[in-house]
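Here TrEMBL flags 602-625, 633-656 as compositional bias 'Low complexity'. The feature compositional bias 'Gly residues' is assigned by TrEMBL to 657-674. The domain 'Sulfatase N-terminal' annotation in TrEMBL covers 243-535. Residues or ranges marked as region 'Disordered' by TrEMBL: 602-693, 707-728. The transmembrane segment annotation in TrEMBL covers 12-36, 42-63, 70-89, 118-138, 159-176.
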Amino acid sequence: MFEEQPSRAKRFWLSPFVLFTVALVFKLYLAAYVIYGLEHPWLPLVTGLPTVWAAFFLIELLARKRKLMAYLIVNLAFTAIYFAVIMYYKYFGIIVTYHALSQAGQVTEVKGSVFQLLHPYFMLIFVDIVLAWLLLGFSKRLRRGWQRAANRRFLGWRIALPGFVLAAAACFALIWPNRGIANELVQTERMGIVNYELFLIASGGNESFVPVSTVTQAEIDRLKGLPQPAAEPASFGAAKGRDVIVVQLEALQNFVIGKSVDGKEITPNLNALIRESVYFPRFYQQAGSGNTSDAEFLTNTSLYVPLRVPATEAYSGRSLPSLPKLLKREGYETMTFHTNDVAFWNRSELYRALGFDRYYDTEFFGDEDIVAFGASDEVLYRKTVQELARVKKETGKPSYSMLISMSSHHPYNIPARKVKLDLPAQYDDSFVGDYLRAQNYTDYALGQLFQELKDAGLWDNSLIVLYGDHMGLPIYSLKDEDLRLLEQLDGRKYDSSQMLNIPLIVSAPGALEPAVETGIGGQSDIMPTIANLAGLSLGGQLHFGQDLLNERANLLPERYYLPSGSFINDREIFIPGTGFGDGRRIELPAADAAARWLAGGEAEGSSRARGGSASGAESGEPAAGTGSGGAGAATSDGPGEPSSSSSPAPAPSAAPGGPGEPSGAAGGEGGLGGSADDRSDGGPASATQEQFDRALKLLRMSDSYVRSLPSTEGDPAPVNGARASANE
């Protein structure tokens, strides 16, 4: 195959420079297709080829005898980057960065999720590597021949040096003008995938901070548009002295609440609890790359998660102001329960930073009835209630306990023995069907928890808070059939307003009147809401959330699952493009449907519904609900759906991608749609440039504040609950 004196044409086409250029051009187009849908077919070549050639020209300049090996290594590195970008996008909808290398060791723990996201055609990205390994590994003659051909001078320094300079200049020309783009998806599309990664490395992550002296509660409240707090906030101390039980539910989205399939309720126990509780149907996740652990951080601190890494990695070394520390000052025992290993996601350090007294992990729960990564939710709840009753009896103190459920973890492969929900044949072998069965099991286990708390005499004197930790059905990886099933179930097209929507339920038997709070909320609001009910003053403790029982208008900065600069106000989700002007807005559904469902079909305006948007001081945001441009009420059996007379459902918010993925790319970079002044119903825009600027500043203030906190060096480490209970 390789002659001693091959022709010039043959030398050209068989040179590593040309062969690996062809291979990497294919791969960059594959990555662009999955993420952007190739709306601009020429763009991946323009943004990706200069980086490839810069690396190859450098090899031609510097490599001598091991040139082929250098090409193979560079090809492998580019392939790994493209594949990681594809896989992360399919779940998170973001461009993965070098920061994710710190989480590589946890891939084996979530291999089931990885395989579920893996489309067969993604493996085409490795075809050249497999072929090269087979050909070069099993044919010594071929290997030696190609090595000789590769080591011959293909490009002299007179070509390679100017070529490298021009390619590097082209990379710089792609990076520099686009460095200020807010939306990372758009920024990556304009820069090129590898250029974007290089830009982040060179810029230290492209993070911005503010002087910590400017981070005050008054400034936070001003940016959020909150009025001065009332001297006597409503429901202050309504649950004072009660045990506080927070249950974080794995991947629970709000759309399953109140829904039935073939007459069978998906969440019957939660539905029953909601009728006796305060329910927040317009509540949204704010977790980032840490998912479950980020939700724990948000709930306990009312601070925002970091930009690109889990809070457990970035902030665990800081002594965090937290709900456990507030309650400990009131004489509470503080405990956290999770059936996985405490080392997973660096939770041992997070719990120290948060100030928990004790943690209970797999050592306490054992390997009984394994589901997903540990003991089932049934075991979690049964053993937790037993421990709470024991601690109560021995100490006589109230307790704060945080329970982290896990059985309904992606990819929702619930064992057959746990399946309680029979679904129609159309749900067979569907991801949505697996998700509904998993959440039905979550609800079944919760029913056991509620009964066990009552049997132990703990229910009536507890403040119980339940919420979803993060979304469960990533829009970026759903197939057409799954999207069809979701639209059939929920009565509207599935988009980011549903994906990020999680339930919040607050119950204090005998102390809180049942109600539906229709204001907007997020996970950063849980701590202030609990503090108000528990009669705890937050004076002197910075918090970025708000008490949802007293403040209606809200501004929720989002990051990670949505591009930087995204936020949620009382009426819509805003997603920037290159900046504010070319951003996209996704209208939020109103919550009056939930009130009618809970009232058993009573007319709109039932006394069970309250809230909406209060006048927000400086927020400038209109009232939520059925005002101009608001989504109407549901016509089916579940809460939070638009009425049949409402405007057409907005297009999915995800950037366009491969087969089976929502497009939403009607004019605009990266599938962002039209401008921020364009509404599907023709109504006025709600999101403003001022809100965009405020949301970004709030995130920077939180980042800056946490970085200024002292280390946990002097803080006591939490006690291993399994060992402590064995010795007591």
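Glycine residues also receive a Cβ, built from the backbone N, Cα and C atoms like all the rest.
What TrEMBL says about a protein is an automatic prediction, not a curated fact.
Remember, predicted model here, so these are calculated numbers, not experimental data.
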Criterion met for the transmembrane segment (42-63) and the transmembrane segment (159-176) (at least three Cβ pairs under 8 Å): yes
Counts by DSSP class (helix H/G/I, strand E/B, coil) across the region 'Disordered' (707-728): 9 helix, 3 strand, 10 coil
Non-local residues, at least 6 beyond the ends, that sit with Cβ under 8 Å of the transmembrane segment (118-138): 23, 26-27, 30-31, 34, 72, 75-76, 79, 82-83, 86-87, 146, 658
